[in-house]
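Student: Pasting a structure below so you can have a look.
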Amino acid sequence: MQGKKPGGSSGGGRSGELQGDEAQRNKKKKKKVSCFSNIKIFLVSECALMLAQGTVGAYLVSVLTTLERRFNLQSADVGVIASSFEIGNLALILFVSYFGARGHRPRLIGCGGIVMALGALLSALPEFLTHQYKYEAGEIRWGAEGRDVCAANGSGGDEGPDPDLICRNRTATNMMYLLLIGAQVLLGIGATPVQPLGVSYIDDHVRRKDSSLYIGILFTMLVFGPACGFILGSFCTKIYVDAVFIDTSNLDITPDDPRWIGAWWGGFLLCGALLFFSSLLMFGFPQSLPPHSEPAMESEQAMLSEREYERPKPSNGVLRHPLEPDSSASCFQQLRVIPKVTKHLLSNPVFTCIILAACMEIAVVAGFAAFLGKYLEQQFNLTTSSANQLLGMTAIPCACLGIFLGGLLVKKLSLSALGAIRMAMLVNLVSTACYVSFLFLGCDTGPVAGVTVPYGNSTAPGSALDPYSPCNNNCECQTDSFTPVCGADGITYLSACFAGCNSTNLTGCACLTTVPAENATVVPGKCPSPGCQEAFLTFLCVMCICSLIGAMAQTPSVIILIRTVSPELKSYALGVLFLLLRLLGFIPPPLIFGAGIDSTCLFWSTFCGEQGACVLYDNVVYRYLYVSIAIALKSFAFILYTTTWQCLRKNYKRYIKNHEGGLSTSEFFASTLTLDNLGRDPVPANQTHRTKFIYNLEDHEWCENMESVL
């Protein structure tokens with residue numbers, strides 16, 4: 001018996017060692033995955049991906065004018081490119097939001113990021129498939145210093161590429177245009193799961209009072225991305241487009257030259273790499289966070305009546321959709337639910353109005369910001385790189401700060417739905433006033449020979465306007481590019497050739513008839529407009545204020561939306577939001593703004609006998625039309641905010657009171673009323689609780705199961 005004890009002891013020791021090893025392995029495994037079991041780590045990862053998404057989106061906007069000149073496109077054409085991202089996103093947003101809410105959300109987000117990375121890489125592909133850029137193409141009269149001068153004295157010779165060859169490359173250019181559209185569609189498809197699934201995942205795992213701050217940080221990072229995108233665009237456009245193929249030391253043009261084309265493709269390669277690596281982090285997160293990392297037990301349940309929310313939220317944080325079909329249901333039966341649930345959501349006027357208001361606000365951003373760089377170039381005579389740099393360092397950081405402050409105010413002031421909608425109305429009014437001031441901040445086109453004033457006689461009737469004049473008829477001037485020069489007479493000419501200059505040092509310009517012959521010289525660039533510099537500085541300051549205040553409405557709008565729908569429908573409701581944002585807020589505005597801008601064109605370039613890009617605009621009409629469209633959209637958004645406010649006031653069912661602290665006079669408006677109580681009786685001074693408002697329509701209670709929907 002005693003002989004067996006050592007063996008038994010040895011076996012027990014081995015068993016204990018095995019158990020100890022297993023416990024140690026489990027401990028290591030737990031420690032290994034613990035870093036991905038924290039909602040704050042997920043927030044950082046989601047912010048990194050949204051930063052990369054915002055960067056690539058803004059980078060496209062920053063190089064639109066470069067693409068316009070590189071591929072000889074019109075503003076409406078580049079508007080189509082800008083809208084293609086939304087078309088791709090629009091195609092799948094509902095399906096991803098509906099089915100993705102029940103799937104592995106972090107992994108779906110990661111897959112979307114990889115698809116976006118592929119789209120970014122494809123966006124750069126046209127540069128490597130088309131011919132090299134020849135800035136002297138079609139302008140065979142350029143002198144030794146690259147200046148378009150009069151060919152009457154034979155100084156230009158017949159050197160240069162065959163114009164027929166350039167025109168034959170037109171078909172290839174059209175193919176590159178289609179490839180750019182396809183790449184943007186792919187980017188939109190990849191972006192589909194990032195925002196709706198990311199926002200719902202975060203909102204499911206944080207306390208309700210912290211949700212606005214987390215969402216505000218998330219959207220702040222999304223808007224901070226464009227700042228990086230514009231700065232990246234400013235850097236890339238200073239590099240010559242074919243710098244990797246040729247020796248740039250032999251170039252006789254600089255980034256300040258109107259013929260300069262920057263390396264627009266470089267930023268897409270960098271953005272593709274950022275998207276890919278930031279997407280990899282998402283594959284480490286679980287489908288739902290463990291209970292100890294998820295302090296959201298009070299998140300949505302406290303906001304709803306027992307009748308609406310009978311089933312408690314699972315401890316793992318995964319919301320089970322009351323409309324979710326059984327696992328045995330066919331795919332077709334599941335798809336049948338989508339239009340019915342969508343109709344059910346849209347029957348809620350608060351939900352519909354707040355989404356439409358958000359669409360109008362986004363429409364201003366999508367349309368106005370898409371052409372803001374072009375606007376700065378035309379109105380204030382800036383270069384593409386300078387315009388991008390200013391946008392990236394001023395307006396966009398202010399918008400980031402505005403979104404963050406909006407979320408912070410909602411959290412600190414404990415705003416309810418009524419308070420949030422009043423906050424949105426207030427910031428809308430202030431930002432609209434800023435847009436009105438833009439009508440008076442700009443520069444005139446100035447006198448342009450043959451376009452706005454006749455040659456040598458600024459008082460002749462408009463019927464005499466023609467860029468070709470007896471002074472340059474023998475110069476064989478071309479209109480396939482725009483290289484403006486400022487004459488000693490204070491008039492801008494389309495090029496040195498149109499000014500009749502017969503020397504590459506820009507002297508002896510025959511069309512400058514109002515000055516002595518020895519002073520008949522020109523200098524590169526447009527003639528400056530008086531007071532333009534002061535107007536630009538004022539515009540920049542007002543733009544920063546407008547961006548800061550206008551962006552503060554974004555987080556309150558999202559909070560109103562997710563607080564006025566059933567929690568089981570939260571992911572899908574966000575999907576409907578982003579669907580309508582794409583359908584109404586992102587796709588039409590660039591097309592509308594682009595077509596409106598083209599309508600103000602004074603002079604079009606020609607390419608192979610066809611109309612090319614606009615090279616000169618009526619700045620006054622441009623400014624009035626461009627800003628007026630934005631003001632109209634902002635005004636419509638205010639009407640929708642007001643309608644939402646009225647619905648919230650008149651159709652509420654009940655109030656939920658808690659003790660999170662009241663909102664006093666000194667804490668916000670320095671009045672005796674709070675945002676939540678404007679329009680109602682003042683809250684007594686000794687009242688320490690606030691009123692939470694939940695909106696439910698009498699005839700539109702939320703369905704409890706699939707059968708009630710079907």
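Every residue gets a Cβ built from N, Cα and C, even glycine.
Here the structure is a predicted model, which means the values were calculated and not measured.
These came from Swiss-Prot, pasted as-is:
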{"type": "COMPBIAS", "residues": "1-15", "note": "compositional bias 'Gly residues'"}
{"type": "DISULFID", "residues": "Cys471-Cys501", "note": "disulfide bond"}
{"type": "DISULFID", "residues": "Cys477-Cys497", "note": "disulfide bond"}
{"type": "DISULFID", "residues": "Cys486-Cys511", "note": "disulfide bond"}
{"type": "CARBOHYD", "residues": "Asn153", "note": "N-linked glycosylation site"}
{"type": "CARBOHYD", "residues": "Asn169", "note": "N-linked glycosylation site"}
{"type": "CARBOHYD", "residues": "Asn381", "note": "N-linked glycosylation site"}
{"type": "CARBOHYD", "residues": "Asn457", "note": "N-linked glycosylation site"}
{"type": "CARBOHYD", "residues": "Asn502", "note": "N-linked glycosylation site"}
{"type": "CARBOHYD", "residues": "Asn505", "note": "N-linked glycosylation site"}
{"type": "CARBOHYD", "residues": "Asn519", "note": "N-linked glycosylation site"}
{"type": "MOD_RES", "residues": "Met1", "note": "N-acetylmethionine"}
{"type": "REGION", "residues": "1-25", "note": "region 'Disordered'"}
{"type": "TOPO_DOM", "residues": "1-40", "note": "topological domain 'Cytoplasmic'"}
{"type": "TOPO_DOM", "residues": "61-79", "note": "topological domain 'Extracellular'"}
{"type": "TOPO_DOM", "residues": "101-106", "note": "topological domain 'Cytoplasmic'"}
{"type": "TOPO_DOM", "residues": "132-174", "note": "topological domain 'Extracellular'"}
{"type": "TOPO_DOM", "residues": "204-222", "note": "topological domain 'Cytoplasmic'"}
{"type": "TOPO_DOM", "residues": "244-261", "note": "topological domain 'Extracellular'"}
{"type": "TOPO_DOM", "residues": "287-344", "note": "topological domain 'Cytoplasmic'"}
{"type": "TOPO_DOM", "residues": "367-386", "note": "topological domain 'Extracellular'"}
{"type": "TOPO_DOM", "residues": "439-539", "note": "topological domain 'Extracellular'"}
{"type": "TOPO_DOM", "residues": "563-571", "note": "topological domain 'Cytoplasmic'"}
{"type": "TOPO_DOM", "residues": "598-630", "note": "topological domain 'Extracellular'"}
{"type": "TOPO_DOM", "residues": "649-705", "note": "topological domain 'Cytoplasmic'"}
{"type": "TRANSMEM", "residues": "41-60", "note": "transmembrane segment"}
{"type": "TRANSMEM", "residues": "80-100", "note": "transmembrane segment"}
{"type": "TRANSMEM", "residues": "107-131", "note": "transmembrane segment"}
{"type": "TRANSMEM", "residues": "175-203", "note": "transmembrane segment"}
{"type": "TRANSMEM", "residues": "223-243", "note": "transmembrane segment"}
{"type": "TRANSMEM", "residues": "262-286", "note": "transmembrane segment"}
{"type": "TRANSMEM", "residues": "345-366", "note": "transmembrane segment"}
{"type": "TRANSMEM", "residues": "387-410", "note": "transmembrane segment"}
{"type": "TRANSMEM", "residues": "415-438", "note": "transmembrane segment"}
{"type": "TRANSMEM", "residues": "540-562", "note": "transmembrane segment"}
{"type": "TRANSMEM", "residues": "572-597", "note": "transmembrane segment"}
{"type": "TRANSMEM", "residues": "631-648", "note": "transmembrane segment"}
Student: Where, among 80-100, 107-131, 175-203, 415-438, 540-562, do we find the most CB pairs under 8 A to the transmembrane segment (262-286)?
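Tutor: Result: 107-131.
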Student: Go through Cys471, Cys477, Cys486, Cys511, our disulfide-bonded residues, and report the one whose Cβ sees the most other Cβ atoms within 10 Å.
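Tutor: Checking each of Cys471, Cys477, Cys486, Cys511, the winner is Cys511.
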Student: Taking the transmembrane segment (41-60) as the first stretch and the transmembrane segment (223-243) as the second, find out whether 3 or more Cβ pairs fall under 8 Å, excluding pairs closer than 6 in sequence.
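Tutor: Judged by the Cβ rule, the two regions touch, with the required three close pairs present.
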Student: Test of understanding: applying the rule of at least three C-beta pairs under 8 Å (pairs 6 or more apart in sequence), is the transmembrane segment (631-648) touching the transmembrane segment (175-203)?
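Tutor: They are not in contact.
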Student: If I take the alpha carbons of Cys471 (disulfide bond) and Cys511 (disulfide bond), what is the distance between them in whole Å?
Tutor: 5
Student: Cβ under 8 Å, sequence separation of at least 6 from the ends of the transmembrane segment (540-562): give me the contacting residues as numbers and ranges.
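Tutor: Contacts with the transmembrane segment (540-562): 199, 203, 211-212, 215-216, 219, 223, 350-351, 354-355, 357-358, 361, 364, 390, 394-396, 398-403, 405-407, 409-410, 415, 417, 420-421, 423-424, 427-428, 430-431, 434-435, 437-438, 441, 570, 573-574, 577, 644.
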Student: On the three-state reduction of DSSP, what should I expect for Cys501 (disulfide bond)?
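Tutor: For Cys501 (disulfide bond) - judged by DSSP and reduced to three states - the answer is strand.
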Student: Can you tell me which recorded positions out of Asn381, Cys477, Cys501, Asn502, Asn519 are within 10 A of Cys511 (disulfide bond) by Cα, answering none if there aren't any?
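Tutor: Hits: Cys501.
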Student: Decide whether the stretches the transmembrane segment (631-648) and the transmembrane segment (387-410) have at least 3 CB pairs under 8 angstroms, with pairs required to be 6 or more apart in sequence.
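Tutor: No; fewer than 3 Cβ pairs under 8 Å.
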Student: Work out the three-state DSSP category of Cys511 (disulfide bond).
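Tutor: DSSP assigns Cys511 (disulfide bond) to coil.
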Student: Could you state the CA-to-CA distance between Asn381 (N-linked glycosylation site) and Cys497 (disulfide bond) to the nearest Å?
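Tutor: Between the alpha carbons of Asn381 (N-linked glycosylation site) and Cys497 (disulfide bond) there are 21 Å.
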Student: Round to the nearest Å and give the CA-to-CA distance linking Asn519 (N-linked glycosylation site) with Asn502 (N-linked glycosylation site).
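Tutor: Approximately 14 Å lies between the Cα of Asn519 (N-linked glycosylation site) and that of Asn502 (N-linked glycosylation site).
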Student: Any idea what the Cα distance is from Asn505 (N-linked glycosylation site) over to Cys497 (disulfide bond), rounded to a whole Å?
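Tutor: Roughly 12 Å, rounded to the nearest whole number.
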